[in-house]
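Asks: Mind looking over this structure? Questions follow.
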Amino acid sequence: MCGIIGIVSSKEDKKIADKVISALKRLEYRGYDSVGVASLDNNKLEVRKAKGTVEEVISKKKVSEMSGYIFLGHTRWATHGPPTDYNAHPHVDCSGKIAVIHNGTIKNYKELREELQTLGHVFKSDTDTEIIPHLIEEFMKRGMDAYSAFRNSIKTLEGSYAVLAVIHGEKRIFFAKRDNPLVIGLGEKENYIASDIPAFLSYTKRILVIKDGELGFITTSNVFIEDKDGNPVDLSDRVRVIDWDVETASKEGYPHFMIKEIHESPKSIRDTVDSLISDLDLIDKIIAEMKSSGRIVVVGAGTSYHAGLYFSLLLSREGMNSFPLIASEYYNFKAKKDDLIFAISQSGETLDLLQAVRKFKEEGARIVSLTNVIESALARESNYKIYMRAGPEISVAATKTFITQLISLLFIYSRLRRDNTNKFRGADTEVERVISSVEGYAKLIGEELSKKTSIYYLGRGMSLPLAMEGALKIKEVAYVHAEAYPAGESKHGPISLVDKGFPIVAINDGEITDLLRNNVIEMKARGAKAYVISANKKISESDVEIYLDSIQFPALSISVVLQLIAYYASVSKGLNPDKPRNLAKTVTVE
């Protein structure tokens, strides 16, 4: 969940500090509590760090005044040790000549720390990361050169990591990766390495993805990588040119990334559908696997789980043996050799999902992945890879990536049923029409719901996953407690909480309208205030109803309405929906 950036330049320059600052700001969406920067020149290694926001730390520590030919930057999300100045990265060794930044969890850090302490090493933080510079120092004391010392240090670590290290006297950045994202940007007389592409997108579009178990170093003009067995890697076919631009990763006049990304949903749908249609051979191979599999297990976390639940319900309606699985509960499930796993993740780096996939692969299952990031860890673990084309999503709360997950899964389902998939060409215009026509109403509902302390979100059939996602969104960004459940379960307990003014949000996709109407009437009889989002058929018993007429893709259209409601509830409370407290965009620790 930490953000990482490293820059190595051919000349010593304060302008590199400005690039690091810019990169750190682009990494803020990952969630963090402290910030730090290291610079290296011919004379010294300097570290400045503190608890706080990027702006606060940059100003307080005068980071823009730092100079050097190598820089490291880090935004920390606390896992080992509280968020403090001394726990912020980078961490250094006893001599102050080695600096390290790290994302991940070192499982054997306590044993290594104790061993290093017996050798005389002094630690100044509570973090697991700090053992790494001390390990490098210890191996160099024993006569190893810098790279050998780094390699041996990495080999002693158990757990997950994306590590960058600099050593005084070395004009290169050392790196290692296991389970956490790390990508290289190739510039002119300057190279970059970061946890996310947007960190260096202003300076280069040429990237090189580092695979699990690899380590190496970058200089101003060279990249060296060796695999987990120590063999040099041929990089000739690794370099890719990405088609994102800087504007795509900026707010473009919107007050927040979240609302910008909701409005980008139509374009994301269009790009994703174009990609799916151009790759029908892959889709048909996946469908053949689905038909021949004994079970189809759809795995995801958070928003991705809700998309997976929607897909699993569709497959169950076709008589297929399918069920959804929350990624973090993977240890309760044993895969079989004829199982097909659908793994869904926006980032492709969610650790509990990766652990689930690796376990199921070992048990003989085949993996289909759906992700927004090309060559992500999840994609590399998969037999079949489907890429959404949502573009970068900066806001922590998933919006357009949920929509592109749904459109991708609906496309596969339609292809499975041999429906005409040309209808998907119109999905973008339908969602665009819904956003423009209902945003004002969604704003009013959001403002009302922002004043509530608890809300029920109700759905039946295919509306249930949408209700669950709507409840999650308003919890995430507006800090309002919301519970989603099948509307038919109301009399089995939940209705006991309903009294005068209690808000319910009923999701009606037009399939099971009559039964849902009865549930709304029951709630209103106990004093509830009913808000209804309907597609194609009205409930007409609500206090407030947003009605979407002539809708071909109710899941998409209803979802953007629920996202708008959550966004305006957040803004109404004066909150920043892009950075919900205690949350991060990508969960890469257990």
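Glycine is treated like the rest: Cβ placed from N, Cα and C.
So Swiss-Prot has the following annotated:
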ACT_SITE  Cys2  active site, nucleophile
DOMAIN    2-221  domain 'Glutamine amidotransferase type-2'
DOMAIN    286-422  domain 'SIS 1'
DOMAIN    445-580  domain 'SIS 2'
ACT_SITE  Lys585  active site, for Fru-6P isomerization activity
Asks: Provide the three-state secondary structure of Cys2 (active site, nucleophile) computed with DSSP.
Replies: coil
Asks: So what's the average pLDDT for the domain 'SIS 1' (286-422)?
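Replies: Average per-residue pLDDT within the domain 'SIS 1' (286-422): 95.
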Asks: Tell me the residue counts in helix, strand and coil for the domain 'SIS 1' (286-422), as DSSP assigns them.
Replies: 63 helix, 28 strand, 46 coil
Asks: Whose Cβ, among the active-site residues Cys2, Lys585, has more other Cβ atoms within 10 Å than any of the rest?
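Replies: Per the Cβ count within 10 Å, the most buried is Cys2.
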Asks: To the nearest Å, how far is the Cα of Cys2 (active site, nucleophile) from the Cα of Lys585 (active site, for Fru-6P isomerization activity)?
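Replies: About 10 Å separates the two Cα atoms.
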Asks: Residue counts in helix (H, G, I), strand (E, B) and coil for the domain 'SIS 2' (445-580), per DSSP?
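Replies: Counting residues per DSSP class in the domain 'SIS 2' (445-580), I get 63 helix, 30 strand, 43 coil.
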